[in-house]
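Asker: Sharing a structure, written as structure tokens. Questions coming.
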Amino acid sequence: MIDNILFDLIEREAKRERENIELIASENFVSSDVRQAVGSVLTNKYAEGYPSKRYYGGCSVVDDIENLAISRAMELFGASYANVQPHSGSQANMAAIMSLIKPGDKILGMELSHGGHLTHGSKVSFSGMFFDAYSYGVSRDSEMIDYDDVRNIAKACRPNLIIAGASSYSREIDFKKFREIANEVSAYLLCDIAHTAGLVATGFHNSPIDVAHLTTSTTHKTLRGPRGGLILAGKEFNTMINYNNKERTLDLAVNSCVFPGTQGGPLMHVIAGKAVAFKEALNKEFKDYISRVIENTKAMAEYFISEGLRIVSGGTDNHLFLVDLSGLGITGADAEKILESVNITLNKNAIPFDSKNPSVASGIRIGAPAITSRGLNRDDSIKVAHFIIRALKTKSTDELRKIKQEVIGFISSFDMP
């Protein structure tokens, strides 16, 4: 690379990733094959439209690539329809929502501070700006979704669309119960599995594909693919809906809402990376990987509990969990900074019914996908949890420096994918 300044920055990031324990639940490490696809000549090709229906010439090869990604996504999730063009999970949600309902309609999604996502109705997101947004949360006692409460809220506000999914909820979601509620109030159901897609694809969590009208996801996180979005449909794919004042099947409405509705040309190099990731996820080794992710996550959560810390909802069913730091007398923001100083990366996170501002927060979110991609096992994960507790409890800067060197020595023994 001729640009030495940029090259040095990339090398610094590579070094940071090698020498850090990565616990951000939404991050992962892609394979070298995915990186090769994303860094390929496909970045040169503009391909507005869809396979065999492009607005540019010279698209025969990228048509085959997109069709390959679509077929692999459908096989992986048991779907009848897939759109692999969304640039992100948020854009996948935007297209899915706008294909099902119109601006001003009512949305019912999970409260952001209880584990939801910005695109599920937050006032700072398009979903809260252009739609009449309502929210459900978790029970104060169990810190889990109370489906009877969701039903009562739905009956009270009569939403046009219910969104099931989360970004910091550690329990498996019952999508069938959400569909029952949606049917009772004549609402569409959108399931967002951005965080748990890998668990759904491998059968560790129940699948919403034939339950929801539409399912959205990211292609990174637990799928270990490139950063991007995905929209899927099962048996509802050919349901007739009113889109833009025209009767259309749901799959065609979604296609129109992705392009030209919310995006221009697709990123063909990223779609190629998605195709690689879908193939990798279809292998038995990937199911074994997800099993280890769940095992490592549970091991860390159980260790924190054994050390007297409180885990939101008392445990985890997936790849992440939230730690309430109130007992240690520090905030999530404090913990994030302390841990970054010892080469452990995670994020501050609000806990349900948090009294602190989200920019400060009472908790931290911990996820195991990235460390599992580096080969850490259950015992290694417990050691990671031990590093965290040592760092958060010490008042000594010398001890923090010592922990940092231990962390670097420990994690550097595990290869990057």
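The backbone N, Cα and C atoms fix where each Cβ goes, and this holds for glycine too.
Features from Swiss-Prot:
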- LEU112, GLY116, HIS117, LEU118, GLU247: (6S)-5,6,7,8-tetrahydrofolate binding site (BINDING)
- LYS221: N6-(pyridoxal phosphate)lysine (MOD_RES)
- HIS220: site 'Plays an important role in substrate specificity' (SITE)
Asker: Counting every protein chain present, what is the number of Cβ atoms, excluding its own, within 10 Å of the Cβ of HIS220 (site 'Plays an important role in substrate specificity')?
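Answerer: HIS220 (site 'Plays an important role in substrate specificity'): 26 neighbouring Cβ atoms within 10 Å.
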Asker: For HIS220 (site 'Plays an important role in substrate specificity') and HIS117 ((6S)-5,6,7,8-tetrahydrofolate binding site), determine the Cα separation and express it in whole Å.
Answerer: 16
Asker: In whole Å, how far does the CA atom of GLY116 ((6S)-5,6,7,8-tetrahydrofolate binding site) lie from that of the residue listed as 'N6-(pyridoxal phosphate)lysine'?
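Answerer: Taking the Cα atoms only, GLY116 ((6S)-5,6,7,8-tetrahydrofolate binding site) lies 16 Å from the residue listed as 'N6-(pyridoxal phosphate)lysine'.
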Asker: Rounded to the nearest Å, what's the C-alpha distance separating LEU112 ((6S)-5,6,7,8-tetrahydrofolate binding site) and LYS221 (N6-(pyridoxal phosphate)lysine)? Just drop the number here, would you?
Answerer: 19
Asker: For the (6S)-5,6,7,8-tetrahydrofolate binding residues given in the record (LEU112, GLY116, HIS117, LEU118, GLU247), what is the largest pairwise C-alpha separation in angstrom?
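Answerer: Among the residues the record ties to (6S)-5,6,7,8-tetrahydrofolate, max Cα distance equals 33 Å.
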Asker: So, three-state DSSP: helix, strand or coil for LEU118 ((6S)-5,6,7,8-tetrahydrofolate binding site)?
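Answerer: Going by the DSSP assignment, LEU118 ((6S)-5,6,7,8-tetrahydrofolate binding site) falls within a helical segment, counted as helix.
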Asker: Counting Cβ neighbours within 10 Å across all chains shown, tell me which of the recorded positions HIS117, LYS221 comes out on top.
Answerer: LYS221
Asker: Cα-Cα, whole number of Å: HIS117 ((6S)-5,6,7,8-tetrahydrofolate binding site) versus LYS221 (N6-(pyridoxal phosphate)lysine)?
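Answerer: Cα-Cα distance, HIS117 ((6S)-5,6,7,8-tetrahydrofolate binding site) to LYS221 (N6-(pyridoxal phosphate)lysine): 15 Å.
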Asker: Between GLU247 ((6S)-5,6,7,8-tetrahydrofolate binding site) and LYS221 (N6-(pyridoxal phosphate)lysine), how many Å separate their Cα atoms?
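Answerer: That comes out at 35 Å between the alpha carbons.
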Asker: Based on Cβ atoms within 10 Å, give me the single least packed residue among the binding-site residues LEU112, LEU118.
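Answerer: Least crowded of the binding-site residues LEU112, LEU118, by Cβ count within 10 Å, is LEU118.
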Asker: Could you measure between LEU118 ((6S)-5,6,7,8-tetrahydrofolate binding site) and LYS221 (N6-(pyridoxal phosphate)lysine) for me? Cα positions, answer in whole angstrom.
Answerer: 17
